[in-house]
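Each remark here refers to the structure printed beneath this line.
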Amino acid sequence: MRHLMSPLDFSVEELDKLLDLANDIENNPAKYAHACAGKKLATLFYEPSTRTRLSHEAAMLNLGGSVLGFSSADSSSAAKGESVSDTIRTVACYADIVAMRHPKEGAPMVAAAHSSIPIINAGDGGHQHPTQTLTDLLTIRSLKGRLNNLTIGLCGDLKFGRTVHSLIQALVRYDNLNFVLISPEELRLPTYIRHDVLRRNNVPYKEVVRMEEALPDLDILYMTRVQKERFFNEEDYVRMKDFYILDKKKMELASKDMLVLHPLPRVNEISVEVDDDPRAVYFKQAKYGVYVRMALILTLLDIHVD
Amino acid sequence: MVKNTLNIGRISEGFVLDHIQAGKSMDIYKYLRLDKLDCCVAIIKNAKSNKMGKKDIIKIECPLEMIDLDILGFIDHNITVNIIENEKIVDKMSLKLPKKITNVIRCKNPRCITSIEQELDHVFILTDPEREEYRCKYCEEKYHRK
């Protein structure tokens, strides 16, 4: 039995297989419509995350399975002080697979250690969010046709943005990539990612503060939101939140086939006027998020569809 | 005439931990949980050392299997571990960094699951032997030595 704790849990070959399966699901949804009939997904969300929860639930429903769960700690036994390990042992009696979001880092790993059914880490604090990374990889591979030979700009909160950290860790396994790290000084990518991940893997990168400077060279622009919940100080948040706003004018600087990705939700870092630009693929990305979660559920449940 | 020296008797079976950095012996006493053992322990602080200037030494008289010395590699791999049997040094153990340490150090990350989950072991994994870097198994927060 396998769990998904980190995007690096899958080798490059396993990842290729998973993304191939996701693309087959995209192209032949009817073939998979009953693949999980009789199976149940439990979504254990100890903190609210509408998008992630709904995309897991949609994935299971698309596969003909059913879903149960809770969407905040207040409505779960955690409010009564139950441990994660006890909760998971109980839930394993009711469901076949679990997607867990928890504000405490490492909580899904504790769940996996005590679970008799597969656990998907649907986000644990500022630590990992592997299904977002799988979504990003599927989006890039499906729309660009490759995960190598790319110049990728990562923009916004590179310090606290776990999606960015996970994406970099997953992408450095592919050849001939360049990263452009676009952030204010205060929100630079942490040293351990720059040194231990990028330098150690000999992946070239440059750091810039102005988005305009980077745009003409990029194949992918990955925008992120400055997350209020990661700041201890309201003043710092207010100062940082409007640092980058991608608008039509800036999009004119980019190449005609550059793609704009965003893990969503967006606040104001991408102007709504950009939404109609064919290069803006963040809503398509949300759709790929469902396909890749469908592929993940099938893979973890070891269900094969001929 | 009483000589102005400090003598501690030989031990018949156990360990002599030598070349402990001066002042660190009480930390090691705590890490090895020697307070929990019903055996004879001698701690010598600030002993003269040609190599180190001054050093601490711990002598422990106990059956050899009673103490897990792996943790010493984490604390200070320069410590010399002499193994004593029949009042003689029969072996000198070389210390290595343990791959995993359990319930010796605690994760300080307030966002880590170890901060709330009942009876969860605090486990650290050796992630970079060159830099002697340990990270929490759960949240991957780096352990910072004092």
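Any Cβ shown, glycine's included, is placed from N, Cα and C.
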From A:Arg89, A:Arg101, A:Arg239, A:Arg279, grab the residue that TrEMBL records in the same carbamoyl phosphate site as A:Arg51, A:Thr52, A:His129, A:Gln132, A:Leu264, A:Pro265. A:Arg101
For A:His129 (carbamoyl phosphate binding site), what residues in its own chain, 6 or more apart in sequence, show a Cβ-Cβ distance under 8 Å? A:Thr52, A:Asn121, A:Ala122, A:Gly123, A:Arg162, A:Thr163, A:Ser166
For the L-aspartate site as recorded (A:Lys80, A:Arg162, A:Arg225), determine the largest distance between any two Cα atoms, in Å, rounded to the nearest integer. 33
If you count other C-beta atoms within 10 angstroms, which of the binding-site residues A:Arg51, A:Lys80, A:Gln132, A:Arg225 is the most crowded? A:Gln132
Cα of A:Arg101 (carbamoyl phosphate binding site) to Cα of A:Lys80 (L-aspartate binding site), in Å and rounded, measures 18
Taking DSSP helix as H, G and I and strand as E and B, the domain 'Aspartate/ornithine carbamoyltransferase carbamoyl-P binding' (A:2-141) has 70 helix, 26 strand, 44 coil
